[in-house]
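Here is the structure we will look at.
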Amino acid sequence: MLLKCAAVLGSPSPFAQCVVFGWCLSSRELWAASQGPCVLCSDHYLLSGQLDMEGALTARDRVGIQDFVLLDETTEAAFLTNLKKRFSKDLIYTYVGTLIVSVNPYKELDIYNKKQMDTYMGVNFFELPPHIYALADNAYHTMLTEFNNHFILISGESGAGKTEASKKILQYYAVSCPSTTLLNTVRDKMLMSNPVLEAFGNAKTLKNDNSSRFGKYMDIQFNSEGDAVGGHILNYLLEKSRVVHQNHGERNFHIFYQLVEGGADDLLRQLGLERDVQHYNYLTQGECAIVSSINDRNDWKTVKNALQVINFDEINTNHLFGIVASVLHLGNIQFDSDSKASIYTHLMLFSSQLLGVDAQSLQEGLTFRKIEARKDQVLTPFTIDHAIYARDALAKAIYGQTFTWLVNRINESMENKDPSRKTVIGLLDIYGFEVFYVNSFEQFCINYCNEKLQQLFIQLTLKAEQDEYEAENIEWEPVQFFNNKIICDLVEEKHRGIISILDEECLRPGDATDLTFLERLEDKMGNHPHFVTHKLADKMTRKTLERGDFRLLHYAGEVTYCVLMCQSKNAIVKECFSTMDPDSRKRPETVATHFKSSLLKLTEILMAKEAWYIRCLKSNESKQPGQFDEALIRHQVKYLGLMEHLRVRRAGFAYRRKFDVFLKRYKPLCPATWPHWRGEPADGVEVLVQHLGYLPHEYKMGRTKIFIRHPRTLYATEDAYEKCKHELATRLQAKYKGYRAKGEFKKQKEAATKIETCWRGVQARKEKEKRAWAVKVIKKFIKGYMTRGQAKTTDNSEYLAFVRQSYLNRLKEKLPKTVLDKTTWLTPPVVLQETSEILRKLHYRLMVRKYVRGITPQKKAQLQLKATASSIFKGQKDSYPQSVAQPFVDTRISKCHIYSCSLTVLCSVFLQYSVPVIKYDRNGFKPRPRQLILTQTAAYVIEEAKIKQRVLYTSLKGISVSNLTDDIIVFHITCEDPKQKGDLVMQCNHLFEFLTKLSVIIEIQAGKESAVDFTTGQEPMVYKAKNGHLMVVS
Ligand SMILES: Nc1ncnc2c1ncn2[C@@H]1O[C@H](COP(=O)(O)OP(=O)(O)O)[C@@H](O)[C@H]1O
Ligand SMILES: [Mg+2]
């Protein structure tokens, strides 16, 4: 599982973090479980199957439970322990259902970056660890899908982190919503309205260095595509008294310090200001003008820049700062005993100049009371106190009006004029509940506002819960909780509430004072359990109350308000009147009534929307990181009604889910519901829970939801799911891989078929072309063939050309290889008969020529001898044809084999040829092997060392051979010479060679027959016949 993700949230145990993400898995996680990168940090990889649910539960406990609804006990102690556990690990957000409890960490946490925003975008609420982004994202997506309006109520006491939370949400929308250049401009304006409003509306208080001193409700408008297209701000009751008075340790509004510290020298000169905050009465009453946590110079730059973004031109900006400066100048105006502002008249001049009014009138206004009596105006001088009073009232009025003007200008710049329907998400960041040592009229308003919002919260949450049980037909036992309606009524009830009495007192003729007001209150509220005064209190309480005080027991604690302070505040009431049309006869509205009705309007606005809640808790009073002040937090948990809310959420049933959602998640746990349940989701859930073995008291089936009584039942189911999930993931993975592979295969197959088809098409087209061409050629050929004998036409000339070419090509392959081959010449077509004959002759001549050229002198001599042999024997002797192929040699007996004796004799004679022969005796024809040697002049018959006979060619009458196949040669010798032995009969195996050689020496011609008889027989033999002739059988 998400093994390394610990790195993301910096937990010491990777295990723990895995669980944070691991225990509420969804389809998205199934994907993740297939070893994708970690959902929070792309650097780390998921290792599936390393955690089981048991481990997960332990690890989950280590960082507490991320949804209080799943706490086993609903005690305050368990609640606080869980909160503390998580806070100690910097896990500042925890859910109570869809409500977020946020504890101010008083330190920068790295959980608001872009990566985190991306992580939470479009993810279901419970899929990731609690985060303000999860709430923002879910509100946004619900708005888009249901196309309705929402608001996020951020509540908590001063310094609990409300403003920060609202800024984080705004930033989230700025990043996560679709963006275009146009939308970005709107987005920038919305974002930049913040520093401007904070500069003019926030101040350092004892509770918070950047405390919002006005209430703010901001609507972000979205079109149907979810683009943030515009915004609108409603502001509530700016704490104007701060302009003229700050408690010890507090400051005036930031803008004054920013201007004096950061304004350019030129600007200060123009405005007549000095760069020294200590110089101004209005900035130094709290004696902490310079605070280390605030950098006024930097903030000044931010504000200047922001003003540009929200389209403030230079003139307006100058006017704006002119007013701020004029207030500072007013603050420094002193009055002398006759209440003339004579000492600092130059200040008066500066103020009037900056405010664009007549200095004389300003001075008169501040120092004289104007009484109108029957059309006459009487001016009576003020006392010093009154003059100071008038000065401060003016300063507050100017600042207050300017603030309203500023909000209007910002609204103008963020306004979207497109009339198409839009949905909104409202962000309510209103001042938190406040208790100071001295609590003024404004604190009264602020705390009243908080009472109203608490009332709204109670109504909405309880109502929603009750509606749900009712709608689902589930029995419902009301949870006991403190309903602060009683306090709201105490303040706002018509004719009986504090505001009504204040109104009456302010407007009643006669001498109304603060004390008469208090008396009236005591009269009316005498026995109200949440109202105490000095007079009404018991002994103990009385000690803690001044005579001019009244105390309200608010839902969040007791607050003592000082009516004497109201005296100084009466001017606010008056000032408010002064803004009314002087001619109007209508009874003017007091500030309190105005505030009451604006709160009523706000309630109406909010009631028409779907609510999301962020409950901010302050971790400690000293603004220190890492400090978890248990008592302080317990108090907040108590008055914010968190325990009640939790109990209501869990009343009877800790968990509920829509049938289809429940079935979708857990259906793998039951074979009957996996992978698909075909029937009604409710029936499927019933089958599923039966299979899981839920006992009847553990769950209830509503109309659309299943309600599970104990968290442990859900845990058990979740555990089972966790176990089966890995197996499931593998199966899904396998299926998916199979599906992908199949798809891929199909794609490839289709592609192959396509290519095949194309290729076949190409081939077929080629084939077709070839065939068409062939048909044409064949047609032509046939036509050419048919007209081959006719006059020349294109067809037949082509045909004939083809015939010629084809014949010549074939002829080329089949040419006779030898001169002797007279038969293989290819029969020519008619048109080529003549040519063929020429070619044939040429070819034979060529072959002959080649042959002749290739003959060596030896071969030539050989051939000549063969030719001679031919001329002698061809057709004369039967064995001649066989001898043709046998080549003649120069001699048959090498010199070394010739009997040496004869050699010496014969050496003088030129040796022509020698051959072994068998000589037959003349008498008896006895065969005797002899060597026959031919010389130029004679033939010698030699026997070993002896020349047996010499036959001179001159004495040779003739030579006989038979016409048969024998080898007998007869030398006919003239017998005139008695020394001569007569005819020589021999057998020689090389008859033709011998005789041819001899014929070269002497001329031999065919002559008559000799006394040798030749016959054919079965066996060749030679013997003397009866007639005395030599009988040769061959
Ligand atoms: N989420 C947070 N992370 C870090 N610091 C915070 C956070 N929320 C509040 N703070 C600190 O607490 C101070 C007071 O918060 P702020 O939102 O102005 O309180 P509130 O509006 O409830 O009076 C801030 O200036 C800031 O220093
Ligand atoms: Mg605030």
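Glycine too: its Cβ is placed from the backbone N, Cα and C atoms.
Residues or ranges marked as domain 'Myosin motor' by TrEMBL: 63-722.
Around LYS162 (ATP binding site), the same-chain residues at least 6 positions away in sequence with a Cβ under 8 Å from its Cβ are ILE154, SER155, GLY156, SER212, ASP429, ILE430, GLY432, ILE614, CYS616. The DSSP secondary structure for LYS162 (ATP binding site) is helix. For GLY156, GLU157, SER158, GLY159, ALA160, GLY161, LYS162, THR163, the entry in TrEMBL reads ATP binding site.
A Cβ distance under 8 Å defines the sequence-distant neighbours of the region 'Actin-binding' (599-621), meaning residues of its chain 6+ beyond its ends; these are 83, 87, 98-106, 132, 135, 138-139, 142, 148-157, 159-162, 165, 207, 217, 234, 236, 424, 426, 428, 432, 448-449, 452, 456-457, 460-461, 627-629, 632-633, 636-637, 640, 642. Positions annotated as region 'Actin-binding' by TrEMBL: 599-621.
Look at TrEMBL and you will find 860-1034 tagged as domain 'TH1'.
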Where the C-beta lies under 6 angstroms from ligand 1, the matching binding-site residues among GLU157, GLY159, ALA160: GLY159, ALA160
Local confidence of the domain 'TH1' (860-1034) - pLDDT mean: 78
The region 'Actin-binding' (599-621) resolves under DSSP into 9 helix, 8 strand, 6 coil
Using DSSP with the three-state reduction, classify GLU157 (ATP binding site) as helix, strand or coil. coil
Consider only the binding-site residues GLY156, GLU157, GLY159, ALA160, GLY161: which of them have a Cβ under 6 Å from an atom of ligand 2? Write none if no residue does. none
Within the chain of GLU157 (ATP binding site), which residues six or more apart in sequence place their C-beta under 8 angstroms from its C-beta? LYS207, GLY432, PHE433, GLU434, ALA556, CYS616, LYS618, GLN636
For ALA160 (ATP binding site), the number of other Cβ atoms found within 10 Å of its own Cβ: 26
Row GLY159 (ATP binding site), column other C-beta within 10 angstroms, all chains, value 24
